[in-house]
Structure formats: structure tokens, C-alpha cells
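Read the structure below first, then the notes.
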Amino acid sequence: MGSSALSLTLLLMSLILAGLTQDLPRPTLTVTPDSPVFTGETVILKCVINSDHSDWRYVWYKDHTEVSERHTVNRNTLTIERSKTSDAGQYTCRGHIDRRSVSSQSSFAVYLSVKDSPRSTLTVTPNSPVFTGERVHLKCVIESHSDWRWRNGLKYDRRYDWTNYQTYEWRYEWYKGSVMLQTSEHYTVYRDTLTIRGATESDQDQFWCRGQRDERPNSSQLSSAVYLSVKDLPRSTLTVTPDSPVFTGERVDLKCVIESYSNWRYEWYKGRDSVMLQTSERYTVNRDTLTIRGATESDAGQFWCRGQRDGRPKSSQSSSVSLTVKDLPTSTLTVTPNSVFTGERVSLTCVIESYSNWRQRNGLTYDRRRYDWTYYQTYEWRYEWYKGSVMLQTSERYTVYRDTLTIRRATESDQDQFWCRGQRDERPNSSKSSSVYLRVKDLPTSTLTVTPDSPVFTGETVNLTCVINSNHSDWRYEWYKGGNNSVMLQTSERYTVNRDTLTIRGVNESDQDQFWCRGQRDERPNSSQESERINLSVNVSAASSSLLVTGVVVGLSVCLLFFLSLLLMWRYKKNKDQQRNINQTSVPNQSAQSQPENFPLQSGQPQ
């Protein structure tokens with residue numbers, strides 16, 4: 001009886017456990033991307049439990065062992081970063097509800113296949129070591145699709161065949177040390193090749209590459225690192241003869257000596273900008289020697305050379321040499337007067353610095369035999385004068401006496417840059433000068449005004465005012481009348497002057513002419529410009545015309561009265577003579593003849 005009860009109890013418990021197991025959910029495990037995956041890819045495994053519960057805790061297993069901490073778990077997702085071939089295996093998952101001590105069933109196992117990414121091989125041209133300044137090509141070669149597929153035991157799948165899209169579908173990444181390189185003027189990329197232009201010692205390092213593409217496999221493996229070794233080019237030594245410093249006009253030889261190799265072709269450079277020199281009349285080359293004929297100050301600077309050859313190394317390097325060209329004696333050009341006005345006389349004096357000053361300025365030791373021009377007297381210098389870039393010749397207006405150029409009657413055309421220099425037979429052969437700008441100013445202008453406005457009338461008072469456009473007030477005024485043969489006016493009873501005004505009293509027709517004025521003073525400017533000529537027009541006044549007419553009328557009246565008087569007197573005398581003759585003949589006839597003769601005087605009385 002007891003054993004039967006125990007058997008019944010065990011049976012019931014087995015049935016209960018079997019029912020509970022059948023009710024536990026089974027998770028579904030998915031893998032993204034589809035297997036196989038490739039080394040370097042990110043793989044996501046997701047465990048989905050079809051249940052009303054949401055508080056599952058997920059546990060992951062690989063080959064029946066809980067996964068390592070290298071993988072990232074976020075709730076129901078397991079992420080494998082940068083997958084490796086060691087990540088291949090059987091993966092399962094299970095869920096747990098901790099508060100109820102309940103677990104789900106294990107998911108069905110999913111096999112994750114991890115295949116090798118295509119391999120990358122890095123090659124360097126030219127072979128390491130390379131020399132500084134050389135151009136270096138690093139080429140990244142990714143293995144063919146067929147080799148990669150055969151190595152991984154894969155069947156042909158067009159999705160993976162990068163040859164179907166051509167090789168350039170790969171995008172290449174380049175690394176130096178641990179830093180990914182960016183393209184620049186120094187580093188350029190064309191398809192599968194990285195080019196280093198002008199390699200330097202800083203380019204010496206580990207280099208490697210890999211490819212990236214949009215289709216799977218997305219990436220190739222990193223190539224094996226290649227160490228790029230960069231060596232210095234053979235050194236060149238530059239020598240200068242004669243020893244620097246040299247003087248302007250001398251011949252200078254620069255020789256380039258390269259420490260190793262042979263069959264060099266020599267190149268010459270000057271200046272910070274490393275301008276390659278070209279042969280010319282002054283610059284000539286004979287194998288390893290550059291000759292400068294007639295050195296000038298412009299030849300001073302850094303010189304360096306290098307060799308070129310057909311084999312490697314193709315070039316050498318050079319340490320620079322500074323060529324110092326000592327200054328010629330300076331010439332100082334002075335102008336007297338400082339500010340020049342038209343018409344003035346100008347003196348330009350060329351003063352060459354003393355020998356002692358020149359020697360001290362150039363840091364030269366005393367050498368009487370070669371350099372000291374005071375030993376030969378100062379006048380040993382021969383002076384040259386320039387206006388703009390044209391050498392002046394003596395003329396009526398330009399005269400030279402020893403170190404002085406004189407300009408007579410300066411005009412605006414004389415305004416320009418002037419400079420001078422000395423020439424001599426001994427070293428130094430020449431001096432130099434900085435230019436001086438000669439500015440020629442116009443004299444102050446004069447303006448002549450007339451009051452009242454022209455024309456004026458005879459008898460009026462006329463004022464001529466001379467206004468000089470100047471800040472100076474100490475002008476003396478001169479007045480002129482006439483055209484080409486102008487006469488300077490003198491004060492008189494009719495012509496009076498009060499500072500800047502000429503007054504003409506009782507103007508008459510003789511005053512009609514051209515007038516002009518100018519100013520004079522003791523300081524510079526000594527005079528003003530002549531004013532413009534003004535025509536003074538004089539008309540006869542109306543009052544004078546009336547008086548003239550009255551005079552003419554009166555004169556004519558007086559003449560007429562005088563004529564009439566003479567006529568009457570003549571008539572009277574004639575009548576008297578006739579009467580005397582009649583009286584002598586007879587008295588009766590006299591009385592008869594006298595009546596007709598007296599009739600006109602009577603009839604003329606009422607008149």
C-alpha cells in the first residue's frame with residue numbers, strides 16, 4: 001500500500017514537470033549579416049522570445065560556453081565588433097525571469113561562419129631606402145576574387161565578386177604609424193597608389209593599407225606594414241673665391257664639391273626662394289664652377305648648388321654660402337634752395353662720403369694703395385648727373401662745375417627724380433646715390449580786378465586791385481600798361497597807389513589800354529606770377545557830348561550873326577554910295593530913288 005502511494009506520487013510529479021517544460025517558450029536566434037560573415041565586419045545576433053513577459057534577461061552561449069566579455073550585449077542583442085575567424089562557432093541563447101526563477105528553453109543553435117577578408121599587399125617603389133627629395137610610390141594590391149574564394153572554400157557568388165565591378169571599386173586607406181593619412185600637396189592618391197612627393201626624413205615610418213567597398217566583403221585586411229627608410233642625399237660643399245666679402249665689379253668663382261658618386265651635372269641656385277640660375281653674359285658655368293663677372297650689390301645673398309645624375313641617388317644636397325658684396329661709397333645729393341619756384345636758379349651738389357666713413361661702414365681695414373681716394377685728392381672723382389633714367393648733358397640751362405650741377409631759370413619740366421654718382425680709375429671705381437625728387441612749384445597767382453566794370457567813361461575814377469593768392473602779406477605791387485611793350489607805371493597826380501590798388505583819377509581816352517600787375521617781396525617766393533591782361537575801355541561821357549553839341553550850335557550861331565552883320569554892313573555901304581552918286585546928279589531924282597531903297601528895311605522891321 002505504501003509503495004503504491006509513492007509510485008503514484010512520482011508519476012504525478014513527472015507529469016507536472018513534463019507539462020511545465022512543454023509550456024516554456026523557445027527563443028528564435030537571428031544573425032545579421034547573413035552567414036558567412038567576413039573578418040572585420042560587425043555581426044549582430046538577436047534573441048527573440050515570443051512571450052507576454054517583457055522582463056527577460058538574456059544569456060548567450062558559444063559552443064555551449066557563455067560568451068566572453070569581448071562581445072557587447074544590449075538586452076536581447078549580442079554585437080561582435082570587428083569579427084575574427086575565432087568568432088566562428090555554434091551560438092545559442094536563453095531567457096531568464098529572475099523574480100520567478102523561470103528560464104526559457106534554449107534557442108536552436110545557429111552556426112556563425114567567419115571567412116577571411118581579402119588580403120592586401122603593400123609594395124614600395126623605388127626600393128627602400130629612398131633618398132630625400134625623391135618621389136616614392138606605395139601600391140596597395142588586393143588579392144583577386146578567385147584566389148580569395150578558393151582560399152575560403154566559397155562557392156562563386158556574384159554578390160562578392162569585385163572583379164564584376166572592376167578593381168577601382170575599392171577605396172583605399174593609407175596609414176603611417178597609427179595615423180590614417182589625408183591627401184595633401186605632399187601625399188597624393190590615384191586609385192591604388194599613394195605618392196609621396198619630395199620625401200623627407202619625417203616620412204621615415206611604418207606604412208600599411210587596406211581597401212573599402214560598398215558590397216560585402218566591405219573591407220580587405222590590413223596589409224603587412226612596410227618600413228620606409230629615408231636617407232640624406234650626398235652632401236655638396238660650396239666654396240667662394242676670392243673670400244667673401246667681395247666688392248662690386250669684381251670677378252667671383254663659386255665651386256661645388258660633392259663628396260661621393262660621379263657623373264654629376266651641376267645646378268646653381270640663389271636666394272631664399274631658391275631661384276635656379278641661368279647662364280648669361282655675367283653668369284657662366286664650367287663643370288663644377290660658377291663665375292660671376294662684374295659683381296653688383298644684387299649678387300649678394302645665399303648661394304647653393306647641387307648635382308644631378310642619371311642613376312640613384314639622382315641628386316645631391318648643398319649647404320648654402322652667403323656671398324657678401326660690400327657697398328660702394330655713397331653719394332649724397334643736396335638741392336639749394338629746398339623748395340624751388342619757377343624761374344629760380346637751382347644748385348644740386350653731389351657729396352661723396354669720406355674714405356674713412358666708407359671704410360668704417362663696410363668694416364674694411366685701411367688700404368691706402370688700393371682704396372684711399374683722399375690720397376689722390378677729392379677732385380679725382382668724375383661726376384655724372386641723371387634726371388629720371390637719362391644722363392644729363394651740359395647746356396645753356398644745365399651747367400656743371402666739379403661736384404655741382406646748376407639749373408638756370410627752373411621750369412615745371414625740370415620737376416623729376418635727380419641723382420648723381422662719381423667715377424674714378426682706382427678701386428672702388430664708382431659711387432652710388434639715392435635719388436632726390438626736385439619739385440618745382442608755380443609762383444603765386446595774381447588776379448587783377450577793375451572798379452567800375454569796363455567800359456568806363458571819361459572823367460571817372462577807376463580802381464585796379466591786384467589780389468595775390470598767397471599766405472604772405474609783405475608784397476610790393478608793380479603795375480604795367482601796354483601789350484608786348486609793357487611800361488611799368490609811375491605814380492603821378494592822376495596815377496596813385498595804395499598798397500594793392502592803383503587809382504586813375506579823371507580817366508580819359510589815353511588811359512584806354514591793357515593793364516596787368518605782379519607782386520615782389522624780399523623773401524622767397526620773391527615774386528608772383530603776372531596777372532592776366534585786362535583791357536580798360538574808355539568811352540566819352542554823355543555830359544561831354546551835350547557840351548560839345550552846345551558849343552557847336554553856339555559857334556554856328558555866332559558865325560551866322562557875324563556873316564549877317566557883314567552882309568548888312570555891305571548893303572548899307574552900297575546903298576550909301578549909290579545915294580551919294582544920285583545926290584551929285586540931281587536932288588529930285590535923289591528923293592525919287594530913295595523911297596524904293598528904304599522899303600525892304602521897313603518891311604523887314606516887323607520881322
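Residue numbering: from 1, along the chain as shown.
For all residues, glycine too, the Cβ spot is worked out from N, Cα and C.
Predicted automatically and left uncurated, TrEMBL annotations should be read as such.
Sequence annotations record features per position, and here TrEMBL assigns domain 'Ig-like' to 27-103 (among others).
For the domain 'Ig-like' (118-229), the DSSP-based tally of helix, strand and coil residues reads 21 helix, 43 strand, 48 coil. Look at TrEMBL and you will find 118-229 (among others) tagged as domain 'Ig-like'.
Under the heading domain 'Ig-like', TrEMBL lists 234-322 (among others).
Here TrEMBL flags 329-437 (among others) as domain 'Ig-like'. The DSSP breakdown of the domain 'Ig-like' (329-437), given as helix, strand and coil counts, is 18 helix, 45 strand, 46 coil.
Taken from TrEMBL, the feature domain 'Ig-like' covers 444-537 (among others).
Residues or ranges marked as region 'Disordered' in TrEMBL: 585-607.
Annotated signal peptide per TrEMBL: 1-21, in sequence order.
The transmembrane segment annotation in TrEMBL covers 547-570.
Remark: secondary structure over the domain 'Ig-like' (234-322) totals 3 helix, 45 strand, 41 coil, with classes taken from DSSP. Under DSSP, the residues of the domain 'Ig-like' (444-537) split into helix, strand and coil as follows: 3 helix, 43 strand, 48 coil. Helix, strand and coil counts under DSSP for the domain 'Ig-like' (27-103) come to 6 helix, 39 strand, 32 coil.
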